[in-house]
Structures are given as C-alpha cells and as structure tokens.
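Annotated in TrEMBL:
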- B:331-354: region 'Disordered' (REGION)
- B:12-31: transmembrane segment (TRANSMEM)
- B:51-69: transmembrane segment (TRANSMEM)
- B:76-95: transmembrane segment (TRANSMEM)
- B:101-122: transmembrane segment (TRANSMEM)
- B:129-149: transmembrane segment (TRANSMEM)
- B:169-193: transmembrane segment (TRANSMEM)
- B:223-242: transmembrane segment (TRANSMEM)
- B:254-271: transmembrane segment (TRANSMEM)
- B:278-300: transmembrane segment (TRANSMEM)
- B:306-326: transmembrane segment (TRANSMEM)
Amino acid sequence: MTDSRPVLTMTGISKSFPGVRALHNVDFRLFPGEVHALMGENGAGKSTLIKVLTGVYGIDEGTITLGDEQVAFSGPMQASAAGVSTVYQEVNLCPNLSVAENIFIGREPRLLGAVRWGEVRRRARQLLTRLDLDIDVTAPVASYSLAVQQMVAIARAIDVQARVLILDEPTSSLDATEVAQLFRVMRQLRDEGIAILFVTHFLDQVYGIADRITVLRNGTLVGEYPIAELPQLALVEKMIGKELDVLERLEEQPRRELAAVEGGTPFVAVSELGRKGAVAPFSLTIHAGEVVGLAGLLGSGRTEAARLFFGADRADRGEVTVNGKPTSLRNPVQAIEYGIGFCSENRRAEGIIPDLSVRENMILAMQAARGWLRPIPRRRQDELVEQYIKALSIRPANPDVPVRNLSGGNQQKVLLARWLITEPRLLILDEPTRGIDIGAKAEIQKLVVQLSDGGMAVLFISAELEEVLRLSHKVAVMRDREMVAQLDNDDTVDAERVMQTIASGSTRKEASQ
Amino acid sequence: MNERLRSMASHRLFWPVAVLVVMLAVNTIYRPGFLAVEVNNGHLYGTPIDILRLSAPLILVGLGMTLVISTGGIDLSVGSICAISGAIACLHISQAPDQNSLVTVFTALAMALGAALVLGAWNGVLVSVIGIQPIIATLILMVAGRGLAQLVTEGQIITINSGPYRALGLGHLLTLPLAIFIALGAALLIAALTRRTALGMIIESVGGNREASRLAGIRSARMVFLVYVVSAACAAVAGFMMTANVSSADGNNAGLWVELDAILAVVIGGTSLAGGRFYLSGTILGALIIQTLTTTVYAMNISPQTALLFKAVVVIAVCLIQAPEFRAKLGRRRRGGPPSPSSAPQPQKEEVTA
Ligand SMILES: Nc1ncnc2c1ncn2[C@@H]1O[C@H](COP(=O)(O)OP(=O)(O)OP(=O)(O)O)[C@@H](O)[C@H]1O
Ligand SMILES: [Mg+2]
C-alpha cells in the first residue's frame, strides 16, 4: 500500500492571511491507494492546506509536487485537469442549475460542439446510483436538502478521472447509511489506486476508513501516523494538545427524565401541522426545559418540520398554540417575537452574512428583534460578543474580522451565538454541531443541557443519533416526510431501536394510533 | 514601499482620492488657472467651486443609489425621476401668478417630492413584493418615466422665472453655492440614519445574504422597499437642482444618463455591485471624480458624444479592477514566469469560502 512513492508531496508550506498565520511550515504526503485523514481542531488549517494545494490561494512558502513535477495550480479547474479533484467544505454548486448540469458543468459530453443533454442526464443518474441516491436529476439543485447537495458535489468529484481525490468534511450532513455508501465508493476508488484525502471531525469515521492520519494544530504539523499506531484518545490529545475530559463527563450523563419537564401547558404545541410537498401533518408538543430530538434519514422531513415551527415556511394546515394560546406562525419575525430561534443547517445559504463582521453576525438577530431604531449600545455588544467568543472558543477571537474569513466550524459557532444571544424560549437547532470539532461539540452539547435545565425548550436535529439520544427527553422519528413515532427517551431507547423505528415506520404509526 | 505607505494604500478610499488628485493635477498642468478661486460679490467663483456645485445633484442621486446597490439591487429610473420631479415643480411654478412666492415654490417642491415618493414606492413594490429583478423593474420606469415627464410638460420645455427656485441650483450661502449645502445635508442625514441607528447594518445584511437576513428576523422585503423610496427622494431633489440651474424643465434631457454616473460613483467609492457593505463617503468622492471628469472633458473641448464613450470606458475599467478574478489574473500576469516559491503574499485567486 505504502511501498510506492507518494503521488503528492507538500513541503514546508506556509500561508498567512492578514493577521492570521493559517499554515506554518507544514509537510504533507499522500500515497496512491490510501485514504489519508487530515485531522485538527476548527481553524487548524485543514481547509487552507487543501485550498493552497488546489490553487484557490497562493502559497507564501513551500513546494508542492504531484507525481514527479512541481506544480502551482491557478485554481480548482486546473487542479482538476491535472487529476486533483476536490469537494470543498462548503458545497459550492450552482443552485439554479439542475443536478445533472451541476455534475457535468465545464466538462459536458459533446457531439460536434453541442452538449448531449440526454447523455448528461443518463450519466448523472448512473453516478448517483453508484452513491445509492435516486433523485430527479433534472430538478434544480436548490430544491434538495443540503445532504443531497453534498452527495451531488461528491458525485461530481468522483466522476473526474483523478489521481487524487480530496474530500473536505463531505460527511458533515450525511446520515449513517449515506456515509456507509460513500465509504464503499471510497474503498473502491482506493483499491483502484486513487489517493484520497479525507477531512472529518467524526473520529469513528476516521477509524472506519483511514489508513493514515496527519494531524494539524494551530497551523503547524503535529505528525503523520499510520492508523494502527494512533488510538483514538492519543489522536484527540494530538489534536487539542491536551487531554480531553469534557467528553467523558458527557458520556456519563444520565438519561434525561421526560416526566420532569412534561406537564403543565406546553410552550409550543402543534396539531396536524403540515405543508404540502414538504411534510405531512404531524402533532408535537414542546415544554419549557424540554429537549425534543428529531431523528430520521436524509430527506425524511426533519428540517422541513422544524422550519414550520419558525415560520420559515408557512404551514398550509394545522393548528399552533404558543403558551396555550392559538396562533399561527406565519413568518420568522413573528416566531422571534414569541421567543423562538432557528439555527439553520445551511450556514452558507441561510446563516452567515459573509461580509459582515463576527460581531455584526452575532448581534444580528437581537438587533432585528429590537428594530433598527434602537441600536444595541456598543458596550453591550462588546460584552455579549466577548462572552460568546469565550464560551464557544471562537477563533480568531477578534470580533471585527469578516465572518467569511473564519474556518467553517468557527462560522457555525458564530451562528449559534447569534441565537443564544437572543435568549430564546425555544431554540431550534438544525445540525448545530455540523463541522464542529469534538472539543467544541462537547462544549455545545453541555451548553444545550445547561440551557434546557435553565428552562429553554430545544428542538434538536442531528444526523448523529447518539447525540440526539444523549440530549433529548423525547425523540420524534421522521420517515418519508412523515412523523412516524414519538419515543420517550428512557432506558429502553437506544440507537438501534430508533433505527428500527425508522425502518419500520409505517407499522409503528398504526400501533401508536 | 514602506509600511506607512502600504497601510495607506490599503485604505479603501486610497484609490478614489488618488484618482481625484491626479485628475486635478492633469487639469492644472493643462490649464494653469484651473485651481484659481476668486471672490466676487462675497461669493466664491472658480472651476473647483463649479465642480462642487455641479456635482451636488450627482452626489444626491449617488447616495440613494448606494443604498439600493447595497441591498444587491440597482435603480435605473433615477434619471427619469429627476426629470419628472423637475417637470412637476416647474409646471406648478409656471402656472402660479407669482413665481417668486415662497409658498408657491414650497408647494411645488412638496408636490414633486410626493410624486417621486410614489414612483419610488412603485419601484419598491415591483422589486420587493412582486420580486422582479431590480434591473428590469427599474428599467420600466426609466423608459416610461421619460414619457411621464413629457406628459407633464406636454412635450414643451417649461421655462420659469422664479428667484427662490433658481437659488436651489445657483444660490449662495456663506460664500458657497447653496447646492453644496443641500447635498452635504442629505449626506449627513443619510449617514446619521444609517450609521447612528442599526439601519445601515441591516441594509448591508440584506444585501449580503437576503435569506439569512430573513431568517434572522429582518423584514428584508421592507428594507428593500425602503431603499427604492429613499433613492427616488434623492433623485427628486437632484431633479430640482438640475432644473433650477437652467430655470427650465426639459422632460427629455433633464437627468439624462445620471443613472450611469451614479452607479459609477457608487462603484468607484468601493461599494460592490454584488451588494453588502456600502460607503457613503466613497460615493461622494466618486461623484466628485465624475464631475471633474465631465468638466475636464468640456474644458478640453471633447465632444459630448465622445465624453459618454469616455465615461463608459472608465466604468468598465473600474468594474474590472473591482472584480477579484480580474485582479488575480493581473497579479498572476505581473508575477509572470515560472512560479517562484518564495514570492511575496499572493492575491487570493478565487472566492471559495472556508
Ligand atoms: N480567506 C481568509 N482570510 C483570513 N483568514 C482566513 C481565511 N481563510 C481561513 N482563514 C483563517 O485561517 C485559519 C485556518 O482556517 P481553515 O479554514 O483552514 O480551518 P479548518 O482546519 O478547515 O477548520 P474547520 O474544521 O473549522 O473547517 C483560521 O484561523 C481562519 O480564520
Ligand atoms: Mg475547514
């Protein structure tokens, strides 16, 4: 496997942005026929290393060798032509173009100069089948969930005849089944001799597929290790530079008692709430201090259901009561007035305002609620922003940099802070830990527990079942855009049982009626 | 380049100021008396004062345009709105028994401003409620507005003889043209409205990511509506100045092409056409640059047709310089040759967020 020479060698790579040293003298090697995990905390420099390699950024110092030649790509197109195919961390597809067009954009099969659209569609379908995804390839990409978009981006990358395949957090919104499917394809490609660079914050995925690990910390190289020589705990230590104990403490957390929070008027109760084409009518109650988890597979309608609670989409049937009073949630402004907050899963399209500073992004929701005539005094802003930069360990800890300059995980934390600052009574968290490193993830989970103990209701969505089970009092299971069951999260519930419920959804539903 | 100079060069107003200075210098070389200012009757006169005075309408239109562009939109109808508001004001004054009465003039201004607000609201509704692309939505009024102005003037050029109205364009205050104070006042008002409150940030947020802003609880549609109304109001006042300068309203030619100049001023000032951050001071500088350009063109006896072409070329050049891809290409070409491993910090080549 590693007897051959590396297909890619990066030596002494340094890259600075104004005020930030993102990479300092980093070496990296990639061998043909291996899956190589690039690990590190949020802001460690993983994405920057990838972008430097593919020519998105120029390098300050260092050399890159691909095969036998020294290279300096001018951008992703050139890199991909040279056999380095990349899926960047933020899915960048053209939202208005169809799935098939997105997959073949820039390299459409042609006949006498004319694009062969039939062929494009047929091959797109074939590719997606390889990833076990059966969708309409003529529909615009924007009409699909983020997870599907991620799969489309992956499909585009693996179709290129590549020597090197780079996947920057490709699995951040995928469920276990899609991950398994992706891994099957990755193994196939690896066995064909392709070198795969894989970034993720999921340790079990690393140990499930990687052959070798390179660890970055704070823009410097910690080391390169064969997977067998670096057990999980040691890896975590290398990543954060110290031992991690929060994680263990969280594991020991007792199951959360539903009885303790249920009873009395629910904060929000919906009955037969639904929206055509998005989610079938469902009923659900959320009490103050209660964490309700939404479980389900990709496209099962979790996000769609959550959006109705926030008025992000308007329900076309059903009733809503807030604090026992009937109402309807027609738009976000109204939901926010009731004290509801919604942290979207799609931070690029629905979350960050890239040009605005970290400070402005954080106070945005609070400011919107106050109205533009009552600006938040600067001193108060500073207090709030400083508090959350510290609480969520956002780096760089500078409130005045544009948020687009932050690493993906740190952007996610900024979004979370935006809603925490508003002190909502119900916080809807759609994949809040997406792309967040394990240390910060544990911190955020702890925070959710703390906040709900303090009386905040939480609607929690995550592709990671363990996380849902760890935090929730109650788990609502979605399947095919229908809520098929609601389980009290007691000792009888575990990931397996939830998976079973998902699999056998319809029978469950009859039983519960 | 030393450190001080470099940090100065990276200031976002550096290039606009540099361009302005170079243009003034070229003019002075060409015509040594260019910068001379003389006192006459207690008023200041001279080319620099003329440039300030003539740029006042453009500054006004540019301010409104800045806000519109910040939301990711564009307002092509400002020229037509200038013509309509000027025509309404002049028509009312021309029909009054005493054209010099302050009451008449103020009624005329109020009527014209009211009409402009309605037109702005029309643009705003088309863009924010109905969701038509701004360039198309405002194109409607850009074309139809000229017709409206013709209707008001009945195809004639309305000439008036009103002292108070003329003062809007030619009057003086504290030795300086009144128009400068009006433009400055509008700038201060808009700056206070946007920067002393949270309005500016909210507009930038809507322009930066409209859906994200909506989900953060911002009434995005309302903000978009608002900026078109403000833009129309600014255009109306500019229209008063333009017609006051010549004491007549010409539905065909008042404010002709001012939208192009205004967009150029905004872009030179550093506000991106893609929306987001806006810079009012940059726009004012941009307007001064364009007026200086126009004055230069006239001073050098270049024909008006060529002048338009000249400006268009500048627009293209500025837009190119603003595009990250183009800058990257330039940078790469300048670096040239085989990539040297230890070159200075290279420009970002392409936007792909983290
Ligand atoms: N365009 C940029 N301008 C300025 N700073 C940047 C830019 N891109 C990245 N950085 C900074 O470089 C550092 C490394 O960022 P990078 O995106 O590589 O982190 P990462 O390891 O991919 O983190 P994550 O796990 O959160 O995705 C961070 O401190 C980030 O703020
Ligand atoms: Mg990253």
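Any Cβ shown, glycine's included, is placed from N, Cα and C.
With Cβ pairs under 8 Å as the measure, the transmembrane segment (B:254-271) is packed most heavily against B:51-69, out of B:12-31, B:51-69, B:76-95, B:101-122, B:223-242. Note on the transmembrane segment (B:223-242): residues 56-58, 60-61, 63-65, 67-68, 70-71, 73, 75, 77-79, 81-86, 89, 109, 112-113, 115-117, 119-121, 123-125, 127-129, 138, 165, 168-169, 179, 182, 186, 190, 202-203, 206, 254-255, 258 of its chain, located 6 or more positions outside it, place their CB under 8 angstroms from a CB of the stretch. Across B:51-69, B:76-95, B:129-149, B:169-193, stretch B:51-69 shows the highest tally of CB pairs under 8 A with the transmembrane segment (B:278-300). Sequence-distant contacts of the transmembrane segment (B:129-149) (same chain, six or more residues past either end, CB-CB distance under 8 Å): 68, 72-77, 79-81, 83-84, 86-87, 119, 122-123, 221, 225, 228, 249, 251-252, 254, 259. Counting residues 6+ beyond its ends, the transmembrane segment (B:51-69) has Cβ neighbours under 8 Å at 75, 78, 82, 134, 176-177, 179-180, 182-183, 186-187, 190, 194, 203, 207, 227-228, 230-235, 237-239, 241-242, 255, 258-259, 261-263, 265-266, 269, 271-273, 275, 278-280, 283-284, 286-288, 290-292, 294-295 in the same chain. Sequence-distant neighbours of the transmembrane segment (B:76-95) (same chain, 6+ residues past either end, Cβ-Cβ under 8 Å): 57, 61, 64-65, 104-105, 107-109, 111-113, 115-116, 119-120, 123, 135, 138-146, 148-149, 152-153, 158-160, 162, 165, 231-232, 234-240, 242-243, 248-259, 262.
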